[in-house]
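Notes to accompany the following structure.
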Amino acid sequence: MNQYLALCRRIVDDGVWVTNERTGKRCLTVINADLEYDVAGNQFPLITTRKSYWKAAIAEFLGYIRGYDSAADFRALGCKTWDANANLNEAWLQNSHRKGEDDMGRVYGVQGRRWSKPDGGHVDQLRKVVDNLSRGVDDRGEIISFYNPGEFHMGCLRPCMHTHNFSLLGDTLYLTSYQRSCDVPLGLNFNQVQVFTFLALMAQITGHKAGQAYHKIVNAHIYEDQLALMRDVQLQREPFPAPQLEINPDIKSLQDLETWVTLDDFKVNNYQHHDPISYPFSV
Ligand SMILES: Nc1nc(=O)c2c([nH]1)NC[C@@H]1CN(c3ccc(C(=O)N[C@@H](CCC(=O)O)C(=O)O)cc3)CN21
Ligand SMILES: O=c1ccn([C@H]2C[C@H](O)[C@@H](COP(=O)(O)O)O2)c(=O)[nH]1
């Protein structure tokens with residue numbers, strides 16, 4: 001939690017105003033942030049200086065794991081975060097690749113599970129990583145990349161957290177995740193939960209101990225209409241100790257994640273938090 005607050009403070013104190021063409025808003029911006037999560041010690045990096053909707057964050061990630069491309073499928077899991085980008089983003093609404101209501105196009109999970117090969121067929125990146133790690137193999141390329149510039153025009157948004165790189169040292173699994181663009185008041189709440197949970201889940205289904213997760217962010221920003229709430233409300237609050245994440249131990253394979261797992265298979269224990277803060281969202 002302290003590293004999150006330090007990043008917020010750094011943006012408020014040292015950030016530079018940058019105008020963003022896509023949203024038409026100015027963002028207070030810093031470059032380069034390195035966050036680290038103690039998955040081994042189950043220090044769940046949930047924001048405590050406001051109420052954080054961690055279930056929606058896990059649901060969103062489960063949708064990526066399943067390769068979903070429809071905001072309706074995300075809603076069915078308990079996550080509304082793709083509604084606006086799928087249905088209110090003017091450029092995407094005009095795009096001939098959009099297949100209708102709720103379609104997100106070839107984003108995130110579609111690339112992770114069905115990356116198109118130029119000679120036909122698809123690559124299932126996640127399946128390959130799970131299979132290797134389950135055999136105790138780290139080929140130094142256990143990478144899942146959602147970043148496919150050749151298909152950006154076929155999706156509603158370029159991926160923000162775009163690459164997840166797993167590493168095995170002995171029987172301990174590590175994860176390094178890369179993010180090109182980060183909405184610190186809203187998106188990072190979710191992304192911290194997702195990086196942590198991804199490592200915890202992958203360790204569980206491949207039969208390894210979880211180590212640390214490393215989260216590397218390039219452009220970290222606060223939108224102009226979020227700044228006062230962050231500076232004058234959230235940053236004035238004292239954080240509580242980190243809660244713990246409990247995952248149903250019956251989840252044992254990628255197939256389990258693809259078929260029967262729901263949000264009821266995740267619990268957070270000892271979550272103490274301050275009141276909710278409703279930050280504006282930019283489409
Ligand atoms: N501007 C922007 N920021 C983002 O963080 C973001 C995007 N766009 N577009 C794609 C996804 C969607 N994500 C989102 C979208 C909405 C919330 C949000 O509204 N969160 C609220 C309430 C969530 C709930 O009730 O479930 C929050 O207070 O955290 C968070 C992440 C993250 N991404
Ligand atoms: O997982 C996510 C997804 C999105 N974001 C934020 C970061 C930016 O504020 C927007 C995306 O806009 P771009 O113009 O494509 O950079 O969404 C996030 O923080 N986390």
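A Cβ is built for glycine as well, from the same backbone N, Cα and C atoms used for every other residue.
Among the features that TrEMBL reports, domain 'Thymidylate synthase/dCMP hydroxymethylase' is placed at 2-283.
Taken from TrEMBL, the feature dUMP binding site covers Arg22, Arg180, Ser181, Cys182, Asp183, Asn191, His221, Ile222, Tyr223. In the three-state DSSP reading, Arg22 (dUMP binding site) counts as coil. All chains included, 11 other C-beta atoms sit within 10 angstroms of the C-beta of Arg22 (dUMP binding site).
Under the heading active site, nucleophile, TrEMBL lists Cys160. Following the DSSP three-state reduction, the secondary structure of Cys160 (active site, nucleophile) is coil. Taking Cβ-Cβ distances under 8 Å and a sequence separation of 6 or more, the neighbours of Cys160 (active site, nucleophile) in its chain are Gln179, Arg180, Ser181, Cys182, Gly187, Asn191.
According to TrEMBL, the (6R)-5,10-methylene-5,6,7,8-tetrahydrofolate binding site annotation covers Asp183, Ser282. For Asp183 (dUMP binding site), the same-chain residues that are 6 or more apart in sequence and have a Cβ closer than 8 Å to its Cβ are His221, Ile222, Tyr223, Ser282.
The number of other Cβ atoms within 10 Å of the Cβ belonging to Ser181 (dUMP binding site), over all protein chains shown, comes to 19. Residue pairs drawn from Arg22, Arg180, Ser181, Cys182, Asp183, Asn191, His221, Ile222, Tyr223, the listed dUMP binders, are separated by up to 21 Å at the Cα level. Among the binding-site residues Arg22, Ser181, Asp183, His221, Tyr223, Ser282, the residues whose Cβ sits under 6 Å from any atom of ligand 1 are Asp183, Ser282.
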